[in-house]
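J.: My questions all concern the structure below.
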Amino acid sequence: MDYKEQSHIIPTYKRFDIVLEKGQGVYLFDDKAKKYLDFSSGIGVCALGYNHAKFNAKIKAQVDKLLHTSNLYYNENIAAAAKNLAKASALERVFFTNSGTESIEGAMKTARKYAFNKGVKGGQFIAFKHSFHGRTLGALSLTANEKYQKPFKPLISGVKFAKYNDISSVEKLVNEKTCAIILESVQGEGGINPANKDFYKALRKLCDEKDILLIADEIQCGMGRSGKFFAYEHAQILPDIMTSAKALGCGLSVGAFVINQKVASNSLEAGDHGSTYGGNPLVCAGVNAVFEIFKEEKILENVNKLTPYLEQSLDELINEFDFCKKRKGLGFMQGLSLDKSVKVAKVIQKCQENALLLISCGENDLRFLPPLILQKEHIDEMSEKLRKALKSF
C-alpha cells in the first residue's frame with residue numbers, strides 16, 4: 001500500500017515527506033527504519049514517549065474488559081479520572097471531552113451559562129493577540145489569527161483581543177457583558193510566550209472584582225510540561241475554568257474542562273452539555289494510567305531537573321549563531337526565534353535530514369516539545385543534530 005496516497009483524504013494538512021511506523025521511548029522510526037529523535041511529541045501529546053510498557057498494558061487490559069458504554073451509565077474509570085484531574089488542578093468538577101477544541105467549546109458554554117444565570121444574555125469574551133484555542137467555530141472565534149478565521153466568518157460576536165501580558169489593555173476592553181477572559185498560560189502556536197506572574201495575578205484580581213470567569217487554556221502547556229501539573233500554578237493563582245487535552249491521554253483522544261464549585265453551582269445542569277464518547281472507560285483508563293505513571297516515575301521532578309540544561313543548550317546556540325535571536329518558554333515547552341533571513345521551514349527540513357523532529361510556531365520560531373521522559377543524553381543529541389542543521393545556513 002502507498003502510505004502517501006491521499007486521494008481519499010481531505011487535504012487539510014501539509015504533511016512532511018515521512019511515513020512513521022513505530023516508536024520507542026523518545027524515538028520514532030519511519031518505513032525505511034530510519035530512527036528520529038522526537039522533540040515534538042505529536043505536538044505535545046506523547047508526554048510518556050512511545051511504547052511505554054505500563055501505559056500500553058493498562059490500555060490493553062481495558063480493551064479486553066470494556067471499551068465504551070455511554071454517559072447514561074456509571075463507569076468506575078471516569079470517577080477515578082475525574083478525581084485525579086480535580087486533585088491535580090485544585091479545582092472541583094470535571095467534564096470529559098474528546099479533544100482540546102471541544103474542551104474550549106465546553107468552557108465557553110459554561111461561561112455563557114454562568115453569565116446567563118446572572119441576567120447577562122450573550123456573554124462576551126476577551127482573548128489575546130497571538131492566541132490559539134482551536135479550529136471549531138467557538139474556539140476559532142477566540143483564536144487571533146485572521147488567516148484561520150477569514151473563510152469561516154461570521155464567527156461568535158463580541159470577542160475582543162487584548163495584548164498578552166498587558167493588564168491595562170485588558171481593563172480597557174471589559175464591559176458589563178464580559179463573561180470570561182481566556183488565555184493560554186503559555187502561548188503555543190503564537191510563539192511560546194509564558195504569562196508573567198504579575199499579569200496572571202492582575203487578571204485574577206480583575207475577574208474577582210467584576211465577577212468575570214478566568215479560563216486557563218492548559219491544553220498544550222499543561223500536564224507537567226511546565227514543571228508543574230498546570231502552568232498557572234507558577235503564578236500561584238487558580239482559574240475558574242481550566243481546559244486540558246493532549247498529554248492528558250498521551251495519545252488517546254481525550255480532553256476535559258474543569259471548573260470550581262462556585263461555577264459548578266451556577267452554570268451547567270443536566271441536558272446543558274453532553275458527549276457520546278467523552279469519558280468512556282478506555283480513555284479514562286488511559287488518563288488514570290498517566291497520573292499513576294507521572295507519580296511513579298517522578299515526571300514533574302524530571303522536567304524541573306533537566307529544564308536548566310535544556311535552556312542552557314538552546315542559549316549556547318544563540319551565542320553561536322547570529323540568526324538565532326531569542327529563547328522563550330517554560331519547562332519542556334521552549335521556542336527559539338530565528339532571524340527572518342533564515343526560514344524556519346528550511347531549518348526543520350534540515351533537522352529531519354539529521355534525524356531530528358521539530359515543529360514551528362510564531363512568526364519564524366522553532367518549537368521544542370519533547371516527551372517528558374527526556375534524559376540529559378537526549379538533550380545533547382538534540383543539540384548536536386540541531387547544530388549540524390544550523391551550520392547549513
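Using N, Cα and C of the backbone, Cβ positions are placed for all residues, glycine too.
The following feature annotations were taken from Swiss-Prot:
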type	residues	note
BINDING	Gly100, Thr101, Phe132, Asp217, Glu218, Ile219, Gln220, Thr276	pyridoxal 5'-phosphate binding site
BINDING	Arg135, Ser275	N(2)-acetyl-L-ornithine binding site
MOD_RES	Lys246	N6-(pyridoxal phosphate)lysine
J.: Looking only at C-alpha atoms, tell me how far Phe132 (pyridoxal 5'-phosphate binding site) is from Ser275 (N(2)-acetyl-L-ornithine binding site), rounded to the nearest Å.
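T.: Distance between the two Cα atoms comes out at 23 Å.
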J.: Within 10 Å of Lys246 (N6-(pyridoxal phosphate)lysine) (Cα-Cα), which of the binding-site residues Gly100, Arg135, Ile219, Thr276?
T.: Gly100, Ile219
J.: DSSP on Thr101 (pyridoxal 5'-phosphate binding site), three-state: which is it?
T.: helix
J.: For Arg135 (N(2)-acetyl-L-ornithine binding site), write down the residues of its own chain that are at least 6 apart in sequence and whose Cβ falls under 8 Å from its Cβ; none is a fine answer.
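T.: Thr101, Thr143, Tyr148 - these are the non-local Cβ neighbours of Arg135 (N(2)-acetyl-L-ornithine binding site), listed in sequence order.
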J.: Which number gives the other C-beta atoms within 10 angstroms of the C-beta of Phe132 (pyridoxal 5'-phosphate binding site), all protein chains shown included?
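T.: Around Phe132 (pyridoxal 5'-phosphate binding site), other Cβ atoms within 10 Å: 23.
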J.: Return the single residue from the binding-site residues list (Asp217, Glu218) that has the minimum number of other CB atoms within 10 Å.
T.: Glu218
J.: For Gln220 (pyridoxal 5'-phosphate binding site), which residues of its chain lie six or more apart in sequence with Cβ-Cβ distance below 8 Å?
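T.: Ile43, Gly44, Gly100, Glu184, Val186, Gly188, Lys246, Met333, Leu369 - these are the non-local Cβ neighbours of Gln220 (pyridoxal 5'-phosphate binding site), listed in sequence order.
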J.: Pick out which of the binding-site residues Thr101, Ser275 has the most other Cβ atoms within 10 Å of its own Cβ.
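T.: Highest number of other Cβ atoms within 10 Å: Thr101.
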J.: Just jot down the residues in the same chain as Thr276 (pyridoxal 5'-phosphate binding site), at least 6 apart in sequence, with C-beta under 8 A of its C-beta; none if empty.
T.: Ser70, Asn71
J.: Would you mind reading off the Cα separation of Ile219 (pyridoxal 5'-phosphate binding site) from Ser275 (N(2)-acetyl-L-ornithine binding site), to the nearest angstrom?
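T.: Roughly 19 Å, rounded to the nearest whole number.
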J.: Tell me, by DSSP, whether the residue listed as 'N6-(pyridoxal phosphate)lysine' is helix, strand or coil?
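T.: It is helical.
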